[in-house]
Amino acid sequence: MRGPLGTEEELPRLFAEEMENEEEMSEEEDGGLEGFEDFFPAEPVSLPKKKPKKLKESKSKGKRKKKEGSNDELSENEEDLEEKSESEGSDYSPTKKKKKKLKEKKEKKAKRKKRDEDEEDNEDGGLKEPKSSGQLMAEWGLDDVDYLFSEDDYHTLTNYKAFSQFLRPLIAKKNPKIPMSKMMTVLGAKWREFSANNPFKGSSAAAAAAAVAAAVETVTIAPPLAISPQQVPQPLPVRKAKTKEGKGPGVRKKNKGAKDSKKKGRGKRVAGLKFRFGGISKRKKGSSSEEDEPEDSDLDNASIHSSSVRSECSAALGKKNKRRRKKKRIDDGDGYETDHQDYCEVCQQGGEIILCDTCPRAYHLVCLDPELEKAPEGKWSCPHCEKEGIQWEPKDDDEEEEEGGCEEEEDDHMEFCRVCKDGGELLCCDACPSSYHLHCLNPPLPEIPNGEWLCPRCTCPPLKGKVQRILHWRWTEPPAPFMVGLPGPEVEPGMPPPRPLEGIPEREFFVKWAGLSYWHCSWVKELQLELYHTVMYRNYQRKNDMDEPPPFDYGSGDEDGKSEKRKNKDPLYAKMEERFYRYGIKPEWMMVHRILNHSFDKKGDVHYLIKWKDLPYDQCTWEIDEIDIPYYDNLKQTYWGHRELMLGEDARLPKRLVKKGKKLKDDKQEKPPDTPIVDPTVKFDKQPWYIDSTGGTLHPYQLEGLNWLRFSWAQGTDTILADEMGLGKTVQTIVFLYSLYKEGHSKGPYLVSAPLSTIINWEREFEMWAPDFYVVTYTGDKESRSVIRENEFSFEDNAIRGGKKVFRMKKEVQIKFHVLLTSYELITIDQAILGSIEWACLVVDEAHRLKNNQSKFFRVLNSYKIDYKLLLTGTPLQNNLEELFHLLNFLTPERFNNLEGFLEEFADISKEDQIKKLHDLLGPHMLRRLKADVFKNMPAKTELIVRVELSQMQKKYYKFILTRNFEALNSKGGGNQVSLLNIMMDLKKCCNHPYLFPVAAVEAPMLPNGSYDGSSLVKSSGKLMLLQKMLKKLRDEGHRVLIFSQMTKMLDLLEDFLEYEGYKYERIDGGITGGLRQEAIDRFNAPGAQQFCFLLSTRAGGLGINLATADTVIIYDSDWNPHNDIQAFSRAHRIGQNKKVMIYRFVTRASVEERITQVAKRKMMLTHLVVRPGLGSKSGSMTKQELDDILKFGTEELFKDDVEGMMSQGQRPTTPIPDVQSTKGGSLAAGAKKKHGGTPPGDNKDVEDSSVIHYDDAAISKLLDRNQDATDDTELQNMNEYLSSFKVAQYVVREEDGVEEVEREVIKQEENVDPDYWEKLLRHHYEQQQEDLARNLGKGKRIRKQVNYNDASQEDQEWQDELSDNQSEYSIGSEDEDEDFEERPEGQSGRRQSRRQLKSDRDKPLPPLLARVGGNIEVLGFNARQRKAFLNAIMRWGMPPQDAFNSHWLVRDLRGKSEKEFRAYVSLFMRHLCEPGADGAETFADGVPREGLSRQHVLTRIGVMSLVRKKVQEFEHVNGKYSTPDLVPEGPEGKKPGEVISSDPNTPVPASPAQLPPAPLGLPDKMEAQLGYTDEKESGTQKPKKSLEIQALPTALDRVEAEDKHQSSDSKDRAREERMEEVEKAQGSPEQPLKEETLPDKEPVPDKLELSLSHSNDFRPDDPKAEEKEPTETQQNGDREEDEEGKKEDKNGKFKFMFNIADGGFTELHTLWQNEERAAVSSGKIYEIWHRRHDYWLLAGIVTHGYARWQDIQNDPRYMILNEPFKSEVHKGNYLEMKNKFLARRFKLLEQALVIEEQLRRAAYLNMTQDPNHPAMALNARLAEVECLAESHQHLSKESLAGNKPANAVLHKVLNQLEELLSDMKADVTRLPSMLSRIPPVAARLQMSERSILSRLTNRAGDPTIQQGAFGSSQMYNNSFGPNFRGPGPGGIVNYNQMPLGPYVTGR
């Protein structure tokens, strides 16, 4: 760090220069001697020694004072030497301080670095003469101080501090205003001059300077001694090589620098302190190269502790760089480097400072307090460290050593032998720090050699290049023994006796050089590798056995035996094998694939860039012309021939290069014709000449395919070649492209995109069928592709910009290739280059990759410039017509561009038309042939489904998985689709093998080699037990097997199994790439191959792989998508197969697998029919319900085993008999005679008789019998029949022959669902498991809930009864039931009754969920018209009552339905209503079309109708059923409400909900309740409710609770605000009530209440209670009016009447009633004037006839009273319209009042109050203020009128105040709606998702599992409603059964 002294760095330099000039030792005198200590006396000098100073960055050699000088003017020679030393010098300078002060070093690092840079700059720029003090003063305009120093001054001013104190006052006196910085600079310059002029330099300073000068000249430094400049060392004649006494490995190895530094600091008994001069220039004196060498050897500190270090002797690049970086550390011959600051801590100045041993501080002696006369001896800590208590801790080997007669040589060499790591007498290398024992060298040395000795590392020859990889190693012969040349000097007594001189063998490594081909591989010594590729060498050591050379690795895969035979026959092969092949180099790697490019060197010689076979492009290498490689000349000729062909004559082979080429001219490629020579529309009867020349022969159907493709090309029709897998689509495509080329139609280029795994196969086929094509495979990593782009795309060097980044190709550049083969991924990744080329033809293999037009592949490929497109696919219809449409859209977007139109066109016509029309569309575009048509003699294939039992271990895990996931499975817990999928995957794993779970895998017995123990592996899985028996028999019979599994981990287990069984096998999965994959296939298909099994993963093994040598396929676990399985077994059943193929599909009985297989079969049925998008897609569209059904399959039986304890002990397993059935049924059991007696659940007939399946030898033999009938999948055949019309390319499409037998085509079948299935099955197991877990976790035993198992068994029985009708489809109670019409307590009898009603229909199965009949979609048997009629009925009457089927609710269109079908449809309809999702979607989740259903409107209507119905029921028992007394039959009141309700047999009437048995249907009130209740109050606008997920829910109580909460946050003020808005709008706007309709929708509560109470449902809590804070007159009026009304009725009609709607005065209804009744009573026209009575009968009419059926109501004699008020208007023309409008408006008002009543009822029951700080309350306070102000100043108006002027003035002020208050209130009112807090959605209030709420509400009312706390406790929702909301008591349950029934009735 520079001090304030500007030129501080220059200060000591001049001081040192003087000393140097006097005492410098010349290079000649020094003579390059290193035995420095021989030339100096041993006695110590009086003063502490001051060692020469190396720069502060050089490492510390010991504690000593130091000064430094440097020569200002170096000779050129010296500068050269300096440069040389800098490049060769080492950075190895051991330091003591480094370790001790690591922390401080880090802090100082940045400072030092900056300082180093400054110094380097200084050095680089040459040495500048510092300015003198006079110059500085003159420059700054200061007065100089001319003071002559006397001798005394020179004696007294011995340090800078004293000098400064003396001179500073003098300068300040002359220059009073001198800045401090300039003062310090001048003082520095003065001190420098003073020191330079000091005549007394011969004393201590002189001694120190001499030492500095001498030491800087030498490199090996002795302990510091004062010498006189006169002493000149004499050169020695010859010297022995350097030796030293090392330390053994037992000695603690310290940092080498620390050890050496102590020796160097020990010139005296007392170690001198370290001194340093701040800021001394790091320029060093010149030194000879020899002197630098020991310094050089210090290179690598780490090398001391490691056996292998980079060569310190070679001037390698890395070392130069390193030296340059650390140049400052080695500049001075021998200083030391410390981390100390270079200025005094006290005065911040440089100079001679002493360094603290325990911290980085430094001090002047005079700056210490107290001052020190001289440096203290030994270790010294500064005042700061002493204060902090930090002490220097001595190290073990810091003890002072006794000094001998001569000084110890200072040494940087290793303390131990590099080979054996032991101490003793060591031979030291003169060029590096290595040390060796003589006997450890190879060969050993007999004695210490004379002169300079370099170690093996320094004499090791450099490598010829960079090593890319190590291929092999071997032992070499020992080196020849070392011959002793000169007699050695005396051996030191410590040397061990010499060993025998034989050398030891060394390792040699066979290496591949980077940038060179395998032809250049060679052997290198171990030491070379160790020195130049340390990391690679170490890694190789770590991974390989370094005692025994690796066995020979024949990379070609040949066995030793084969190799020997070939060597005997082929001497060239023998030579190559010995030199290359045995070391793992494949012969292909040394064969030229093709020459890519050429270049000329300066001499004009040509070099070729060669691509080697089977190696990627990034391993291309440049080779010279003359290298001897087989076929090299031919390939050169081919290269030049291709250039000539593409570029013309100019590009032919240069004449000077023509050598052997002349002989090869005849092989030149034939140029394609420029014009077409053959008409492509003419058919070939036999294959063309250019195919004959390849030696191949096309099958007749392939020739037909070629003709069809050429014809389509001529017509410009893009095509799909859809031949079945295995018919050679690849060959037909290649021959087609080749024909275009050879016949002159097109020269390319052609783009072929294929899956990566098949690209190698494409290459081979191109080589075979199109030899003249130049085919480039564009795959690989970035480097490889970069090489391809630069060399294979064009002949021009600059056609494409080089580098890894992809650029476009220049326009109109000659393309080099004919065909580019690439993968799907690179089409998108390297779009820039590929998209810039104009392609003559595009071929996409496995084109179903284009089935989604949203995929990137589709979009990118669509943007390419392509003349003609050809798609290849074996499965053109994988899932649905939508995918086929996308293929056609890709082919011809101008023709196929309207997806909706396409699908619609094929959705509404019958199948025959559809097929015909599709054929007309597809005919020109698609050709499809089947193996069955093409190869009449091709062996058949038989597919058998083999049902397998779970092993005991699998059963344990299967149960565990279900139990552990009970909460996710139990729909009440709200399990989602993802979690169900996860559970299903776990169960599939369990069916495969329990070891797929980490827990089981860890516990499994293992073999020493890490694989599983075979016997336990087999016993753990039922499938493996069967596989073991099957494989044994198959092997004996000579069959070969393919085993497919989806899971690669399962393939790992199968590998262990096959190893255990001793079978040889191959394996392919997603991780095995193209090359390795093809090799494995080739090995398996090779004649006489030993491999018996081939393991494949279903998806990776499904593409373009030919394994026709196998004849047995075992599908270990089925894929979700059946097409993947078909592709899998088509690997074996293809061209070349000459045996019958047996396919065994393993399916675990009664498990998810069995169900999945059935679902997969159903998907296959969709393949040839489905045209609805989305219905047939893959697992993505699995609904939660489908997943749930799959998971349930077989579980009951599994857990029944637990309960029954496997009761079937008396039955012994018998031999299974394979029943080979068609797989159409989905469950073909190659099964067994089965034990009978089990009755598994579900409707799967296959399983019903089955129990444990046991396979014995007889069963296995039967299973493997190949004479069984072929059972090709019928669905598959159907699909193929559908596509069969494309099998003959006659250019006109044949019509479909088949006729559809079945009238109804099943699209989708609804699954049966029991809501409580998991609850009953798993609850007990789950609780037990939780208890065990809690006990294990130390939570104590759970208190068991008392369960009455009798009840449970009854419930179970009931459940079974319910399911007895095939689990009737409408029992989807969990999500679809509605409680509006269900009354749980009395439900049992109702249930039995309904069961009796159902009996007749029980045997008749329900129609399928979705079917197509005559082109029209049916849903559960309801056609479009019936569905519309059902919806209209819902919109008219609300929810169907529970006994709707017996009432006349059923309209004419629905009367043909059975009750079972009707109920199922109601259930489905409600489920759809409650399904969340956008109304805009085309279908519901299960695929049923929405048909424009607006969920919000329907739910709103259901809600409104429910409120109306309940209000009428409330008063029905009083008012009867007739509006006028003369119509009433006798004693109508005597009838029960239920009877009263449906009176007119001709009119459909909803039955009273109170009567209904609990069935899974209804949802009316529930929905109403949920429907829009929450947000509507504040705004007059209707909003669709998010909380409407109401699914028909079976638990009345639950729903009530939830709903309550749901409504709970009402308040008076909100209501008041409603009044303000609504009262104004109620009559005027017909829409407004609609808005309110939604409110009722949310009020299920009342309904539910009806359900729970079988009596009249008067659930209206006292209105006044609700209005505590703001009592309204209306309420009292209401009661009074009712009383009056009652009296009048008695008088007038003796007819009792009661009706009220307690709207709390929030609507105008009561005001109207009051006025109307007053008028009616006063005039006596009780019937003629419309009032309360009419309103009641209007509502009753709506309940009977439906919503807004005004005319029907008026025509009904029961409601005659409604016509009375209009009699006087009959004569008017618009009489009817007027009457209907009035009724509609009046109904809206009633509707509004009903909504508010329901809200108030809930608010009252929940004791809700409004926060006094709420804006609404503030408005109330303002109103009171206005009233108060007005009343208190009433008298003013009289006085003012009386002429009182002061009163008049006051009156004006008061009026102003009132005006202000009123305007404020007006402003507040307008803001009020937005300020009133809206009720949050029910989901937010309950803190649950909509799904969770719905599933929670699915519990049945009597269900003991209802957990009330979840809904009852107010904590759940208290905080949602603000601070002042009070719930129904402290955590109590909202139970509406406890509420008062109906206080709003008059006449009691």
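Placement of Cβ uses the backbone N, Cα and C atoms for every residue, glycine included.
Source: prediction; values computed, not measured.
Per Swiss-Prot, region 'Disordered' is recorded for 1-136 (among others).
Look at Swiss-Prot and you will find 95-114 (among others) tagged as compositional bias 'Basic residues'.
Per Swiss-Prot, region 'Disordered' is recorded for 228-268 (among others).
Taken from Swiss-Prot, the feature compositional bias 'Basic residues' covers 250-268 (among others).
Annotation comment: Swiss-Prot describes 281-336 (among others) as region 'Disordered'.
Taken from Swiss-Prot, the feature compositional bias 'Basic residues' covers 319-328 (among others).
Sequence annotations record features per position, and here Swiss-Prot assigns zinc finger to 341-388 (among others) based on sequence analysis.
Sequence annotations record features per position, and here Swiss-Prot assigns zinc finger to 414-461 (among others).
According to Swiss-Prot, the domain 'Chromo 1' annotation covers 495-552. Residue counts of the domain 'Chromo 1' (495-552) by helix, strand and coil are 20 helix, 11 strand, 27 coil (DSSP-based).
The feature region 'Disordered' is assigned by Swiss-Prot to 547-569 (among others).
Annotated domain 'Chromo 2' per Swiss-Prot: 590-651, in sequence order.
The predicted model assigns the domain 'Helicase ATP-binding' (710-894) a mean pLDDT of 84. Summarising the annotation, Swiss-Prot assigns domain 'Helicase ATP-binding' to 710-894.
Per Swiss-Prot, ATP binding site is recorded for Asp723, Glu724, Met725, Gly726, Leu727, Gly728, Lys729, Thr730.
Note on the motif 'DEAH box' (845-848): DSSP counts are 2 helix, 0 strand, 2 coil. The motif 'DEAH box' feature in Swiss-Prot is assigned to 845-848.
Positions annotated as domain 'Helicase C-terminal' by Swiss-Prot: 1026-1191.
Taken from Swiss-Prot, the feature region 'Disordered' applies to 1206-1250 (among others).
Classification of Met725 (ATP binding site) by DSSP places it in coil, neither helical nor stranded. DSSP assignment over the domain 'Chromo 2' (590-651) gives 23 helix, 20 strand, 19 coil. In terms of DSSP helix, strand and coil, the zinc finger (341-388) has 9 helix, 6 strand, 33 coil.
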